[in-house]
């Protein structure tokens, strides 16, 4: 049965999460401000041939321009995600999860700031994207969110819960202990022993 992490440990992990989230948020917003000033009016700027470049776009939807006509719905969903992350911090007991939640929280808040403050209005603002991967254009917040998703998948595959405890209880798979007479395997029967021959049992 999992238990709540000790308070000092949990506070330390929460500090990791919050610090990483703030770092992601600051880097995301600073790079977006830079992009709006440096890339406005510019065309596509190659970084790695045709594979990676810079171009300023304002995205009203999510990744791959999904939900472009439902910006306010995406805003509500992000607010819910942020609330769930914050609520889950009270059970935090794993450094891996602390890092994952920090990346996810910072990325979610980074794009949420755009939706709350950018044109055309509150909760309908367009997200600043400027890193062109060919398939879609993203930003630092998106990178953090993808990294968080990968890390969460790894933690889930390894069976690590958010509280640091295994997701699967292996206690039921343990083999019977030889020290426990009730669970010990029965002793082998020797057929050459006269007492074990048929008909020689107790009357």
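Quick reminder: no glycine exception, Cβ is built from N, Cα and C everywhere.
Nobody curates TrEMBL annotations by hand; they come from automatic prediction.
Looking at 33-57, 133-157, the stretch flagged in TrEMBL as transmembrane segment turns out to be 133-157. Your range for transmembrane segment, going by TrEMBL and the list 92-113, 158-179, is 92-113. Long-range Cβ contacts of the transmembrane segment (133-157) within its own chain (Cβ-Cβ under 8 Å, at least 6 residues beyond either end) map to 24-25, 27-28, 31-32, 35, 50-52, 55, 57, 59, 63-65, 94, 96-97, 99-101, 103-104, 106-108, 110-111, 127, 167.
Around the Cβ of residue 129 (active site), the number of neighbouring Cβ atoms within 10 Å comes to 23.
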